[in-house]
Every structure is written in C-alpha cells, then in structure tokens.
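Database features (TrEMBL):
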type: TRANSMEM; residues: A:7-28; note: transmembrane segment
type: TRANSMEM; residues: A:67-91; note: transmembrane segment
type: DOMAIN; residues: A:68-257; note: domain 'ABC transmembrane type-1'
type: TRANSMEM; residues: A:103-124; note: transmembrane segment
type: TRANSMEM; residues: A:136-157; note: transmembrane segment
type: TRANSMEM; residues: A:178-200; note: transmembrane segment
type: TRANSMEM; residues: A:236-257; note: transmembrane segment
Amino acid sequence: MKKVASVLRYLILTLGAIIMILPFFWMLSTSLKTQPETIQLPPVWIPKSLQWGNYVEAFKAAPFGRYFVNSVIVTVVTTIGQLFTSILAAFAFSKLRFWGRNLLFMIFLGTMMIPGEMLIIPNFVTLSNMHLVNTYGALILPWLASFFTVFTLRQTFNSVSDQTYYAAKIDGASDWKFLWHILVPMSKSTITAVTVLQVIGSWNSFMWPLIVTNDENMRTLPVGLQAFTTDAGTNFALLMAASTFVIIPMVVVYIFLQKYIIAGISNSGLKG
Amino acid sequence: MLNEKPTWKSSIKGWLYLLPMLAISLTFNIYPIIKSFLMSFYTKYDFYNDIVSAYGFSNFTYLWNDPDFHLAVRNTLIFVIGVVPLNVIISLAIALMLNKIKYVASAFRTIYFLPFVTSTVAIAQVWNWIYNADYGLLNYLLGLVGINPINWLNDPNWAMPALIIMSIWKGLGFNIVLFLVGLNNINTRYYQAAEIDGANSWHQFTNVTIPLLSPMTFLVTVNGVIGSFKVFDEIFALFQGSSGPSKSALTIVYYLYEKFYTEWKYGIAAASGVVLFFLILIVTLLQLWYSRKHVHY
C-alpha cells in the first residue's frame with residue numbers, strides 16, 4: 001500500500017514536471033528549426049539539423065544588442081541604488097533613535113497597501129515635467145526606494161542584538177563603520193536574497209519600461225521583444241530564438257543562486 | 001543608549017540615514033499616491049503644464065456608465081476566481097507530495113519553480129505559439145485524444161481560459177515554495193500524537209496538516225488574489241498588445257493602461273485605479289474577516 005502511494009506520487013510529480021518543462025523545451029526546439037519544420041504536422045520534436053543561425057538572424061533583426069545593454073544598465077543601477085538607500089533606512093529604523101520614527105514606519109507600511117499600477121500616471125507626469133521620459137532616469141529613479149526591501153532588511157538587522165551595537169560603540173566605532181563593517185557582513189545572506197530577487201524583478205519588468213520608452217534606443221529586452229513580435233510575424237523560429245535570449249540570463253542566475261532565491265521567498269512567507 | 005529618548009543630535013542623524021530613501025519615496029511613492037486620488041477628481045486637466053481647471057465626480061460617473069469598464073471588472077473577477085483557487089489547490093497538492101518523497105525532491109522543486117524567474121513577456125510568446133490554432137502544440141496534443149482544434153487566442157470564449165492556464169502554470173512554483181515552508185514548520189510531534197490516538201493518514205491530513213497549515217494557506221491566497229487583480233503583462237504579451245478578441249481579456253489594469261496611454265484620459269484612468277484600490281481593499285478585508293474564524297494561529 002505504502003509502495004503504491006509512493007510510486008503514484010513520483011508518477012504524478014513527473015507528469016507535472018513534464019508540463020512545467022514542455023514550454024521551455026518547445027521554445028528551444030522551435031528556435032532551432034527551419035521555417036518549414038516549425039509548421040510541420042505532426043510536429044517535429046527535435047529538428048533534423050540544428051539551425052543555430054536562427055539566433056544570429058534574430059539578434060540582427062532588431063537592435064537586441066542595444067536592448068540587452070539597456071536591460072543590464074537598468075537592472076544593475078536599480079539594484080545597487082535600491083540596496084544602498086534601503087540599507088541606510090533599515091539601519092535607521094532598526095538601531096537609531098529619532099523623532100517621528102514609529103509614525104514614519106507606519107506610514108510606509110500603509111503605502112504597501114496601494115497597488116503600484118495606480119502610481120504610474122502621476123509618476124509619468126512628474127517624469128515628463130522633469131524631461132526624463134525616454135532616459136535611463138525614468139527607467140531607474142522610481143525604483144531606487146523600496147519599502148519592502150527596507151522592511152525585510154530591518155527584520156534581519158533587528159536580529160543582530162543591540163549588545164553588539166553597544167560593544168562596537170564602546171570600542172569607538174562610528175555608526176557608519178558599524179553598519180558597513182559589522183551589520184552588513186552579518187546580514188550577508190538576507191542581502192544576497194534581496195539582491196537576487198530584485199535583479200530578477202528588474203530584468204523582467206515590463207509595464208513601466210513600456211510606458212516611459214517610445215524611443216527604440218531606450219527599450220529594455222522585454223519591451224524590445226514585444227515590439228519584435230510584430231516584425232517577426234509568423235516566423236516562429238526567430239521569435240522563439242529571441243525569447244530564448246531574453247529568458248536565458250535569469251535562468252543562469254537562478255541555477256547558480258537558487259538557494260538564495262528560495263530563502264528570500266521563504267522569508268517573506270515566514271513574516272506573513 | 002537604545003532605550004533613551006531621541007535627542008536633537010540623534011534625530012538629525014536618524015533622518016540623515018533615512019534621507020536618500022525618503023527623498024525618492026516622497027517623490028515617487030507618497031506624492032503620487034495622494035496625487036492619483038486627487039487626479040481621479042480632475043475633470044479638465046492639462047497634463048503638459050500640470051494645470052487643473054475643473055474638479056468633479058464625472059470620472060466616476062463615466063466609469064459607472066461605461067460598458068467597457070463593467071466588462072473589465074467582470075473579466076478581472078473571472079480571472080481571479082479562475083486562477084487563485086486552482087493555483088492554491090494544485091500547489092498544495094504538489095507541495096504535499098514533494099514533502100513525502102525521499103529522492104530528487106529538490107530537482108522537482110527546481111523545475112516547478114523555473115517559470116517564476118522567466119520573463120512574462122518572453123514566455124507568453126512561447127504560449128502564444130503553443131496556443132496557435134493551426135500549428136500549435138496544444139491543439140496537436142488535444143487532437144491525439146480526439147479533441148477538435150480550439151481557436152484559443154481568437155475565440156472570445158477561449159481567450160480567458162487560455163490566459164488562466166498560462167497564469168496558473170507561471171505562478172505554481174512560488175506557492176509551492178511557500179507551502180513547503182509551511183509544511184516544514186509543522187512539528188512532527190503532532191503527527192506522533194495523532195498516530196498514538198489511532199488517526200489514519202486521512203484524519204492526520206484533515207485534523208493536523210490542514211489546520212496547522214492554514215496561516216500559510218491564508219497568506220498564499222491573499223497574495224494570489226492581490227496579484228491576480230493587477231494582471232497586465234500576461235494579457236499584453238499573450239494577445240500581442242491587445243485585450244484579446246472582442247476585449248474578452250480586458251481587465252481593470254488593462255483598462256487603466258488604455259485610458260491613460262492610448263486615449264490620454266488621465267482623470268478616468270486615475271479613477272479606475274482608485275476603484276481597483278477599493279476593490280482590492282474590500283476583498284482583502286473580507287478575507288481577513290473570514291480568516292479570524294477559520295485560520296488557526
């Protein structure tokens with residue numbers, strides 16, 4: 001009886017895993033086919049000869065190189081900037097005493113209730129008044145502060161005892177030194193988790209870059225890919241090749257840093 | 001030191017550390033929150049110069065009378081009801097099975113979680129191709145079991161199911177991870193006690209697992225509902241920059257996007273955002289109220 005249940009579990013889980021993997025497999029398989037092969041019925045699972053040239057052709061069919069550079073710049077600057085502002089703010093909320101501290105914290109908690117989509121219109125107006133639409137500024141500035149990140153880091157900083165803070169102060173360390181030489185290294189795993197999740201979020205973000213870029217040169221990869229679908233038309237091999245190189249970087253990040261991503265998500269679950 | 005009352009000196013220091021985050025946050029979070037509520041009452045608005053010449057409720061009466069907005073609210077609710085319960089049930093079932101098996105559980109978890117890290121826009125192109133009526137993989141596979149081809153993306157009756165299937169597929173991994181955390185937190189002593197009392201595995205499931213997992217189930221459900229209310233990227237990408245055949249996948253955020261970005265009706269767009277906020281608020285409060293009675297902490 002127990003054995004049957006166990007075999008059944010593996011069977012169902014394997015079937016589920018196949019369903020999860022199939023779209024990725026189909027993307028890769030299609031991206032390596034010749035045009036006639038893509039629409040052949042019954043479908044060709046593995047192309048006769050792998051058309052690596054599709055990748056070269058897709059890459060040249062639209063300025064994907066430029067999109068790639070834009071995505072890298074936006075992701076890196078957003079992530080580092082947000083981490084910097086959040087570490088400072090989380091430290092203040094966790095270890096410093098100042099007037100208005102609790103009130104401000106409650107206000108920020110309240111803002112988390114607001115759907116971010118509501119902020120798009122006023123932010124667009126603000127940025128167009130600053131003449132920043134179609135610049136890296138518009139893509140990056142609004143994301144340099146994240147209360148969710150502040151909140152997560154504050155929890156971790158709180159778990160470092162106040163005694164450690166006193167001790168460092170008595171030894172003559174300034175707050176700035178304590179933060180960067182003791183607190184940050186002690187919270188390395190949370191910071192890594194937050195960073196990786198932010199990188200994935202920035203890389204994949206779509207609605208905001210779509211709205212603030214209409215100049216082709218400023219598009220990020222997802223926006224560029226969406227625009228490319230019109231040019232690609234029914235050339236599914238090229239479209240799948242282009243989709244593959246939008247997806248691959250985050251898959252690589254995921255494979256190497258999976259531990260931190262899972263930990264980051266588990267943490268957010270534990271708090272709830 | 002830490003329990004001392006703040007002084008002038010310590011306060012200035014605290015605010016200095018907060019300053020960078022505060023400056024950005026005031027400009028791009030706090031101010032726009034207030035502004036978007038105000039904007040929903042703007043009836044004459046010159047956004048180039050940010051000058052308002054008339055206020056009123058007409059944006060809300062417009063929404064009240066606009067059949068498109070009714071459709072958007074209806075479709076959003078259908079999407080939420082179509083995605084969240086199924087997603088919770090399937091991810092719970094998978095998490096329970098992953099929790100029971102001895103080998104390769106982590107390999108399975110890696111695979112189930114993979115869609116979460118992939119770009120929605122890119123993977124929606126793949127689904128668009130899979131759903132293709134003539135050459136799509138899905139219709140071919142359905143054909144093998146004798147189901148006639150379905151025009152997934154161009155038939156108004158099938159567009160929403162197509163969107164729901166893709167969204168469930170993409171969201172499963174995230175919930176599975178959370179459920180696995182919840183299951184790991186259940187102390188094994190409860191199961192031992194239940195076993196001593198003669199509970200079989202079904203009774204252990206209904207009387208130990210389900211109640212002790214309920215806080216996590218609650219969290220996953222609330223998360224899922226809020227996220228599903230805001231669906232946009234999936235629609236834009238799956239239907240190639242449209243709201244589906246005869247607007248069959250027009251949701252509230254998509255409506256907001258169209259009013260704002262293609263029609264430049266900022267007041268109406270802002271008003272639809274306000275409606276979205278209150279809808280999410282009401283549904284979340286309802287869930288909180290329900291959880292008071294049924295979630296065991």
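The first residue you see is number 1, and the count goes up from there.
In case you wondered, yes, glycine gets a Cβ from its N, Cα and C as well.
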*Same chain, outside the transmembrane segment (A:136-157) by at least 6, Cβ under 8 Å from its Cβ: which residues?*
70, 73-74, 77-78, 81-83, 85-87, 89-91, 93-95, 108-109, 111-112, 119, 123, 127, 130, 183, 187, 190-191, 194, 198, 202, 208-209, 212-213, 218, 220, 267-268, 271
*Same-chain residue ranges lying at least 6 outside the transmembrane segment (A:103-124) that approach it to Cβ under 8 Å*: 93, 133, 142, 147-148, 150-151, 207-208, 211-212
*Would you mind listing the long-range same-chain contacts of the transmembrane segment (A:67-91), meaning Cβ under 8 Å and 6+ residues beyond its ends?*
136, 139-140, 143-146, 149-151, 153-154, 156-157, 175, 179, 183-184, 191, 194-195, 198-199, 202-203, 209, 218-225, 245
